[in-house]
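Before any comments, here is the structure.
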Amino acid sequence: MLEAGLFAAIGQAALVVGALLVWRFRTLTRPAVVGSLMAFGAGAVISAVGTDLVAVAYDEAGGGTTALGIGIGGLGYFLIITLLERSGAREKPEAPLEQAAMSEDGEVAAASPTEARNLFVGMIVDGVPESVAVGLSLHLGSVGVSLALVGSIFIAGLPEAIGVAAALLAGGYSISKILLRFSYVVVIGAVAGVIGYSVLNNQEHELIALIQSIAAGALLVVVINEMVPIAIRGVQRWAGVLAASGFVFSAAITWISGG
């Protein structure tokens, strides 16, 4: 159980690392830098989702259950974030970077208190399914937690943290306050990882596979809707090459770790 929380927290710790990096190196918000990270991270996440979530779920529960879970996860996550955004309670963490890419000076705009709160909610909403998936990965398979999934989540979280932290810094927030907020997300991620592991008995393989597929569907929506557009805008045709590199990187971790 503690292992699930630890590795889920490691995946979300990219938020703290990204905040420290952009505090020290403000040029990290440049579209080419962010686009490269997004492209590589997108490829890595897709690989981890395919090999460490979907493939394992398929082996345990078959194609029908896996497809059902992916559909529920993708549509369910989309509806949740759509409702939150329309109610003004959530702003996707990639928004500061998207706005900077479309502005004339390319600078990340300052976040207002309301925007800061909504970005914080957005990071939590994105981080929970990621962390639950990490916890679930301890149940199925024979090699323990999916290191490829943890590593991919970490890489994908860096540009998100860079954009949000840059907006908060521009809005007058101190680095200590930003790190405190981001640490809350890490703790919530750890709790979600523990819940993902402990809520189910490890003998309930078909149910675990279904929930794992639901998490996979949610992650795919995050990648395609929120990561890929920024990657293409930042590095254009190179996005595909970098995504393929990220895919290989994640697959290599799975292979090395015995998956």
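Using N, Cα and C of the backbone, Cβ positions are placed for all residues, glycine too.
Here the transmembrane segment (6-25) has Cβ contacts under 8 Å with residues 123, 127, 130-131, 134-135, 145, 149-150, 153-162, 164-166, 169, 175, 178-179, 182-183, 185-190, 192-194, 196 of the same chain, all six or more residues outside its ends. Among the features that TrEMBL reports, transmembrane segment is placed at 6-25 (among others).
Counting same-chain residues at least six beyond the ends of the transmembrane segment (37-58), those with a Cβ under 8 angstroms from any Cβ of the stretch are 65-66, 69-70, 133, 137, 140-141, 146, 148-149, 151-153, 155-159, 162, 209-210, 212-213, 215-216, 219-220, 222-223, 227-228, 230-232, 234-235, 238-240, 242-251, 254, 259. The transmembrane segment annotation in TrEMBL covers 37-58 (among others).
Among the features that TrEMBL reports, transmembrane segment is placed at 64-84 (among others).
Beyond its flanks by at least six residues, the transmembrane segment (147-170) meets 7-8, 10-19, 21-23, 26, 28-29, 34, 37-38, 40-42, 44-45, 47-49, 51-53, 93-97, 100, 107-111, 115-116, 119, 123, 126-127, 130, 133-134, 137, 177-178, 181-182, 223, 227, 230, 246, 249-251, 253-254, 257, 259 of its own chain at Cβ-Cβ distances under 8 Å. Per TrEMBL, transmembrane segment is recorded for 147-170 (among others).
The feature transmembrane segment is assigned by TrEMBL to 182-200 (among others).
Per TrEMBL, the feature transmembrane segment maps to 207-232 (among others).
Within the chain carrying the transmembrane segment (238-256), a Cβ under 8 angstroms from the stretch's Cβ atoms is held by residues 35-36, 38-48, 51-52, 146-148, 151-152, 155, 228, 231-232, all 6 or more beyond its ends. What TrEMBL lists as transmembrane segment is 238-256 (among others).
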Legend entry - Same-chain residues at least 6 beyond the ends of the transmembrane segment (182-200) whose Cβ lies under 8 Å from its Cβ atoms: 1-9, 11-13, 15-16, 19, 120, 123-124, 127-128, 130-136, 138-139, 161, 165, 207-208, 211, 215
